Structure formats: C-alpha cells, structure tokens
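Residues or ranges marked as ATP binding site in Swiss-Prot (evidence: sequence analysis): GLY11, PRO12, ALA13, ALA14, ALA15, GLY16, LYS17, SER18, THR19.
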Amino acid sequence: MDKRISIAIDGPAAAGKSTVAKVVAKELSYVYIDTGAMYRTLTYAALEQKVDIENEEQLMEVVRNVNIEFQQGENTQLVFLNGQDVSEVIRTPDVTNRVSIVAKHRLVREEMVRRQQDLAKKGGVVMDGRDIGTHVLPDAEVKIFMLASVEERAERRHLENLNKGFDSNLEQLKEEIAQRDKLDSEREVSPLKKADDALELDTTSLSIEEVVQKIMSIVSGVFAK
C-alpha cells in the first residue's frame, strides 16, 4: 500500500461522514481533512465578529483574516482558529444552524476550496464534505457518497448533542436537518450532489465499523489495480 491516493467522502448533514473518514484515515495512516470543520470555524469567527452572514463582502473580510489549522490530538483531531483551539465551540447548535448559509457564498467557497486543494496536494488524504468528489478533488481515486434517512441522521445528531451536554430536541433536529439538506442541494455554487463516478453507500442500518469495512474493501480494490 505504498500508493498514496485521495479519498473523497460526500453526503448530507449528519450522515456520519466525519466519523467514518477519521477511522479510514487512521487505518491507512492518511491525513484526515474535515472540510465541514473549516466552514464551521469560519461561521464561528463570523458570529464572534457579529458579521452579517448573508453579506458575502463582510464574510470575505473574515476569510482573509482567518487561519484554520488541524492538529492530531490524543483521540481526536483538533481545529485551531488563529492559534486558538475551537474544536468544541464550532460544534454548538448556534454554529451548526448557520454553517449552510455561510457555505452558500460563491467567493467564500472558492477560497475555501483553494485551501482544501492545497492541503490535499501530496495525496494520502481522506477528505469529507458536500462537494469533494464533484469540485474539490474531482480526480480522487475513491469517491463515496454516504446517505442515511433524515430520521436516522437526526437520532445520531441528537445523541451527539446530549453526549456533549448540549440541549437537544429530536423533532426540531429533524426539521433543521431537512432544511440543511434543502439549502445544501439547492445552492447555486457547488451544490450537494453525487459525483457521477462516486459509489453510493446507504448507512441507515449500518454501524460505523460496517461502513468503514465497505470503504476499506473499495480502497483495497483500487490498490490492487
């Protein structure tokens, strides 16, 4: 397995992309790049600066002054905003419910995609998001599109919130996830959609281990070529 490939994992909100991508990256000793965390960090920075997130010009000013870095912690990946650890605060419902608005702006996405492509230049990466296979890494050797029902995804996010000590309402989460799906798939710039050459993986009734196993067997097939 000397070959260093790029693996793109796309899918809607709370489909389990990040969880699976982290495990796959660890199994392969690859770098994991969480593009969702990059948009979350930008959203957090904009909210902290009380910027109008519907205003692209104001957001671009934030983007220009934001340095986002990843570091491997003991059991998880840490996210830093201008040197400050923001790994936890970017996961609050406040940020979660606004990240799709920030991500819809053309200039914002163009700059973020440029940064993401920069991080992936040398290969040996697992990257997850909404438009990785279609836009960020169109030449990735492995492309996965993960799906799960709104109900299943809301349940997962609900448990995640409770485990982190956040208030959580399951019915409200179902509505919010459906709304994020709508925003992500209908936006003009790089909408959420399956790449033509991506393999679709419905994770509704699968465990994390089963999903990882399926992806690893796809990767093994690529290495065998």
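Placement of Cβ uses the backbone N, Cα and C atoms for every residue, glycine included.
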**Request:** Taking the Cβ of GLY11 (ATP binding site) as the centre, count every other Cβ atom within 10 Å, in any protein chain shown.
**Result:** 26
**Prompt:** If you draw a 10 Å sphere on the Cβ of ALA15 (ATP binding site), how many other Cβ atoms land inside?
**Reply:** 26
**Message:** Taking DSSP as the reference, which of helix, strand or coil describes THR19 (ATP binding site)?
**Reply:** helix
**Request:** Please list residues from the chain of THR19 (ATP binding site) whose Cβ is under 8 angstroms from its Cβ, counting only those at least six apart in sequence.
**Result:** ILE208
**Message:** At a 10 Å cut-off from the C-beta of ALA13 (ATP binding site), count the other C-beta atoms across all protein chains.
**Reply:** 24
**Message:** Can you give me the residues near the recorded ATP site, meaning same chain, not GLY11, PRO12, ALA13, ALA14, ALA15, GLY16, LYS17, SER18, THR19 themselves, Cβ no more than 8 Å from the center of the site's Cβ atoms?
**Reply:** ASP128, MET146, ALA148, ARG153
**Request:** Give the sequence-ordered list of residues that share a chain with LYS17 (ATP binding site), lie 6 or more positions from it, and have CB atoms under 8 Å from its CB.
**Result:** ILE9, ASP10, GLY11, GLY36, ASP128, GLY129, MET146
**Helix, strand or coil at ALA13 (ATP binding site) [DSSP, three-state]** = coil
